[in-house]
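Q: If you scroll down you'll find the structure; I have some questions about it.
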Amino acid sequence: MSEQEYSGLTGRIVQYTIQNSADVYRLGFWVGLVSFIMITLFPFYWLLVLAVTPDNQLYQMGVVPENFNIGVFATVVQEYPLHHYIFNSILIATITVIVCITLGSLAGYAFGRVDFPGKGPLLVLLLIISYFPGIAFLIPLFELLTGSLSILGTPTPDLYNTPWGMVFPFTMLSLPITIFILTTFYSQIPDGLEDAARVEGTTRLGALFRVIMPLSAPGVVTAAIIVFIGVYREFFFSFIMTDGSPENWAVLVYGILNFQQQHTQMYNMMAAASLIGIIPIAVLVIIAQEHIVRGLTAGGLKE
C-alpha cells in the first residue's frame with residue numbers, strides 16, 4: 001500500500017497494528033483479562049467493603065472504606081443462626097444432587113447407549129422443558145406438595161416445611177440438564193468396555209455404575225456441581241415451601257433476607273452473611289476444579 005492510504009490517525013493506527021501485530025495482540029489479551037477479572041471480582045469486593053463499613057457510614061462509603069468493622073462477621077455467626085441456614089442449604093443441595101445423578105444416570109444411559117423409537121424427539125423435549133422458569137410450575141407443584149391434590153382418592157402428603165418439599169421441585173428443574181450432560185458423556189464410552197463387563201456376568205445396571213460412570217467421572221462431577229450450585233442459591237421454592245425459620249428447613253438466602261426488617265435494613269450484615277455463605281461453594285469448586293475443567297472441555301469431543 002502507498003503512504004497516502006495510511007494518512008490520518010486511523011491509517012497510522014492500522015499501519016502500527018500491522019507492523020506490531022504481536023505486541024497489539026498481547027496488549028489486547030492483557031486488557032481483556034484485566035477487564036474480565038475486575039468485572040468478575042468487583043461485586044465480591046463491594047460486598048466486602050459494604051460488610052466492614054460501620055452502620056453510621058453506610059450512606060457515605062466510598063470505594064475504599066475509611067473505617068473497618070471486622071467484628072460484623074463474628075456478630076453474624078454468633079448472634080444469628082446463619083450456620084443453621086447454611087447447613088439446610090448444603091443438606092438439601094446434597095440430597096438433590098444424589099437424586100439427580102441417580103435418576104440422570106439411568107436416563108443418560110438410556111439416551112446415550114440404547115436405541116429406542118422416539119429417542120431424539122424425547123431428548124429435545126427434555127431440553128425444551130429445562131428452559132421453562134420454575135414459576136411456570138408453581139401452582140400445580142404447590143398443590144401437589146401441600147396435600148391439596150388427591151390421586152386415586154388418596155391425598156398427596158403435605159411436604160410444607162420439610163426438605164422434601166424443596167428437593168422434589170429442585171430435582172424436577174435440575175434433571176433435564178443433568179440428563180443432557182450425562183447423555184453426552186455416556187455416549188462417548190466405547191461399546192467394547194461395556195461388552196467386556198457384560199461378558200464377565202454383570203448386568204446393564206452393573207455396567208453403568210461400575211464401568212460407565214467411573215469412566216465418565218468428569219461429566220458426573222460437572223453435572224453434580226452445576227446442580228449443587230443451582231440448588232444452593234435457589235430461593236423461589238424455598239420461600240414458598242417454608243415459613244422462613246431455620247428449624248423448618250429455610251435455606252441460606254432466606255437467612256440473609258432476615259436481616260432486612262420492616263424498619264431497618266442491616267446491609268452490612270447482609271453483605272457479611274453473603275460472603276460467609278459463598279465459602280462452601282468456593283471450597284467445592286476449588287476441590288473439584290480439575291474435574292469441572294475436564295468435564296466442560298471433554299464433553300464436546302468425540303473419541
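Even glycines carry a Cβ here, placed using N, Cα and C.
Annotation comment: TrEMBL describes 27-48, 85-110, 122-142, 162-186, 207-229, 269-288 as transmembrane segment. What TrEMBL records for 86-288 is domain 'ABC transmembrane type-1'.
Quick one: how deep are these features, and who are their neighbours?
A: Listed as Cβ neighbours of the transmembrane segment (85-110) (distance under 8 Å, sequence separation of 6 or more from its ends, same chain) are residues 116, 163, 166-167, 170-171, 174-175, 178-179, 181-183, 185-186, 204, 208-209, 212-213, 220, 223-224, 227-228, 231-232, 246, 249-252, 254-256, 276-277, 280.
Using a Cβ-Cβ cut-off under 8 Å and counting only residues 6 or more beyond its ends in the same chain, the transmembrane segment (269-288) has close neighbours at 44, 47-48, 50-51, 72-73, 75-77, 80, 82, 85-86, 89-90, 221, 225, 228-229, 232-233, 252, 255-257, 259-260.
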Q: Which stretch from 27-48, 122-142, 162-186 shares the most C-beta pairs under 8 Å with the transmembrane segment (207-229)?
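A: Result: 162-186.
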Q: Mind checking which residues reach the transmembrane segment (162-186)? Cβ under 8 Å, same chain, six or more beyond either end.
A: 88, 91-92, 95-96, 99-101, 103-105, 107-109, 111-113, 123, 126-127, 129-130, 134, 137, 141, 145-146, 212, 216, 218-220, 222-223, 226-227, 230-231, 234, 237-238, 241-242, 249, 251, 295, 298-300
